[in-house]
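According to TrEMBL, the feature repeat 'ANK' maps to 52-84, 117-149, 150-182, 193-225, 290-322, 369-401.
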Amino acid sequence: MKTHLVTAWFAGSSCLFGGTLADFLQAVYHDDEVKVAALLKQDVDLLVPNERGVTALGLACQNGNARMVKMLLEQGADAASRSGGEPVLTTAARTGNGDCVRLLLESGSPCDALSRGGQTALMWAASEGHAGVVRLLLEKGADSDITLASGFDALMFAVRAGQREVVAVFLENGADITKAYQPKRGGGANMRTGTSPLMLAIKNGHLELALDLVKAGADPDDQRSGFASLHAISWVRKTVRGDGADGIPTPVIDGRMGTLEFVRELVVAGADVNVRVEKGGGGRGRVHRQGMTPFFMAAQSGDLLLAKLLVELGADATLRNVQDTTPFLTAVGLGVLAPGEEQSLEEDALAMAAYLLELGADINHVDKNGETAMHGAAYKSSPAMISFLDEKGHDIAIWNQKNKYGWTPLLIAQGFRPGNFRPIQYTEEALEKVMRSHGVEPTPSPPPPGSH
């Protein structure tokens, strides 16, 4: 592989220079200091870039070879130059050899030269975890406040990568860990407006780093990104939209601290176990986020271990959202837009529902949208949940009613639900069986929307 890369990088050089520049660059690339010194004595013009813009100094920085960097600088290589379009200081910082970085800085390399993407040497050193290089760059005046359109600065690159040592260096140098970032572009993989270093650490599974930030003064109840720390841990443990095509994978948790231990430590550090989402939306099948608590979210995702821990730590299992939706309603399926998009497996949802009933949940509660537990089971397309609710006494006189969108549980099973018209036969059959057992004859399915 390395041979192929060398050929690709240097092939164009031999045509113009009779092989001399190509030979020289290959010697630098392979750390052959004897050959490099010999060739430099023959032709100082070897310090120029090849057709691809690659320079000897850039290759030496890429290799982290401080002796080679020193030799080239002494022969007149420009410390402020670029190789392959990138400042050589950035290359050296990414590689992480502090001696190379120091030599370049002492030879006039500007600390904050930008790469094509706007990144600085400090950003790359931070992201790659080179704490010594980060400290050196900061000592030499590197600007840690330079920010990309994505909202990332050097500190946030370090946080996203889970570089605890680097973050500690930034903290020593007065970094503002309470700052809420404002990306100039949103959507996709870009972070949400208002994201703090703490929230970014949690969402990326860097829990020990997150706790470092809390101990350094970060507020675990900060909701400028839309959610507090204990809200976020729910989808760190179980992704929001299941394992379907639209699901976002859960992060890999690094270090020795698990999510449940982290929750316990957060509460010990002062996090409000009943913190409620201050702002949010919902509608047409989506559960309104405003008013959700960490326990509510654990119920929604069928995360029984998290729910039990939160109760142990003082969570109020009765708190509802702004539309009077209970944790029980969302646990049994309210909010599932389509089969395959649910957060919880059927067995997890059943276990959670049973636990909530043990805690005193009202199985016959109706929220402000006219949604009942059986509506939730229909959204979830879960015959087992339908049977469970019936066995536990869910009153058909309460649930066999239309919600604010005009749907009964049976109509939902017959295809009338958010998004595309989608009948689910096995759900329809399960509901019809329960209805007939109570002496209620199911109505035939109306025609699909737009079929008239």
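For all residues, glycine too, the Cβ spot is worked out from N, Cα and C.
Remember, TrEMBL labels are computer predictions, not curated facts.
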Please give the sequence-distant neighbours of the repeat 'ANK' (369-401): residues at least 6 beyond its ends with Cβ less than 8 Å from one of its Cβ atoms.
285, 323, 325, 328-337, 339, 342, 346, 349-350, 353-354, 357, 363, 407-410, 412-413, 417, 424, 426-427, 429-431, 434-435, 437-438, 440
Over the repeat 'ANK' (52-84), what does the predicted model average in pLDDT?
96
How many of the residues that make up the repeat 'ANK' (369-401) does DSSP mark as helix, as strand and as coil?
21 helix, 0 strand, 12 coil
